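Have a look at the structure that comes next, please.
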Amino acid sequence: MSTPEQILVRNFEISYRLCAKIGLNALDRNYRPNWRTVYPGTVNVLALVQLLYFLWTERADLMQFLLILPHIMVTALGFHKFILCTVRSSKIFALRCKLTEIQALLMETKSNGPVICRTLNISRLLQKLIFVFYLAAVVLTSLVPIVLWLVFGKKSFMFLFFVPGLDQYSTEGFLVNTILHAVILLAAFCAYTGYECLFLGLIMPVGAYVDAFGNEVQELNSALNLKERNDPAIRARLNRIMKLHQLLNEYEAMLEELYNVLILSVIGLNYLGIISTIVVILKSNDRMAYIFFALMFEMLFRICLMGTIITVKNEQLVGHLYNIEWYQLAPDQARDLRFMLHKAQNPTSVTIGKYALLNLAGYMSVLKSIYSYVMVLVTVLE
């Protein structure tokens, strides 16, 4: 049976392997951009340049403009992930190290093992689902044009990336552009899947550790209710609870520092992308718009869900502190508990650029706003 330490390592396995293949492995202690990093960086820059050119040339046609916009939003999201993994790799690695430190302290209480394993196994399962989801999107995007060509003799593409100066409808041009799309999709799959699994891997352990924190409180209360009190053991347990509370606060503060402004840009890009994809689906039935919609909708939902997990677990953390039987503590121990409760009144929360809490309530507000803008654009295009 796997230990909690092994499960924590596996929690980052998918992200580690995929990001290492394209030189974006921020989980590596000695990570530096290398020759592999040139591959996703070059693909991203060239794709953005070509799409911006298409957007400029089609700016007079609103429908064509909206058709190109989702491609730009998704590519910009990829560029965002590239910048995060290369520029802020030290912060990501510091978060990974902090998780190891928190778990090592929790594992001093053996009964915390099953509690931690349960949530980390859920995280692992969710990452596998994300892997399958993005793999299916890549396979569909790659195979549909080939199947249409082989079965119906129709040369068409789902992507808007083309080799300049080459007739895309000739056999040679079709094959060359198909290879180009495969190169782009490989980099995109590794970057997107690796980053999304990394995000889950950094957020989900918070839930596991808060649950284990509650178990620590129960152990303390059990020690307080023994007929023969062991004051040194009680002090040791309370000290561990104080240390865990401090480490959890530090970890969430690090998450906030890393993600707050970045999440604002991610949600903004997804917001514009979803609006444009819905309009394109309603007006032109573009095949790629369906895939882009699924990808961006999943990103938006998952980010807001993760923010909700942080908010709910912060509330549970405060509840666990209130469950400590303070009236059985020694006066100096009770003072320590009051100090923890004071710090817990203003918990760290992941926000959307410090403008709003990242939770399901914010998610519903975004969906309502998307609906309003879609209705306006559909009316304009009628």
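For all residues, glycine too, the Cβ spot is worked out from N, Cα and C.
In TrEMBL, annotation is done automatically, which means it is predicted and not curated.
Annotation comment: TrEMBL describes 37-56, 62-84, 129-153, 173-192, 258-282, 289-312, 360-381 as transmembrane segment. Taken from TrEMBL, the feature coiled coil applies to 210-261.
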Is it true that the transmembrane segment (289-312) and the transmembrane segment (37-56) have 3 or more CB pairs under 8 Å, sequence gap of 6 or more?
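These two segments do not touch.
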Can you tell me which recorded stretch out of 37-56, 129-153, 173-192, 258-282, 360-381 has the most Cβ pairs within less than 8 Å of the transmembrane segment (62-84)?
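That would be 258-282.
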Counting Cβ pairs closer than 8 Å, which of 37-56, 129-153, 173-192, 258-282 has the most of them with the transmembrane segment (360-381)?
258-282
On the 0 to 100 pLDDT scale, where does the coiled coil (210-261) sit on average?
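Across the residues of the coiled coil (210-261) the model's pLDDT averages 86 on the 0 to 100 scale.
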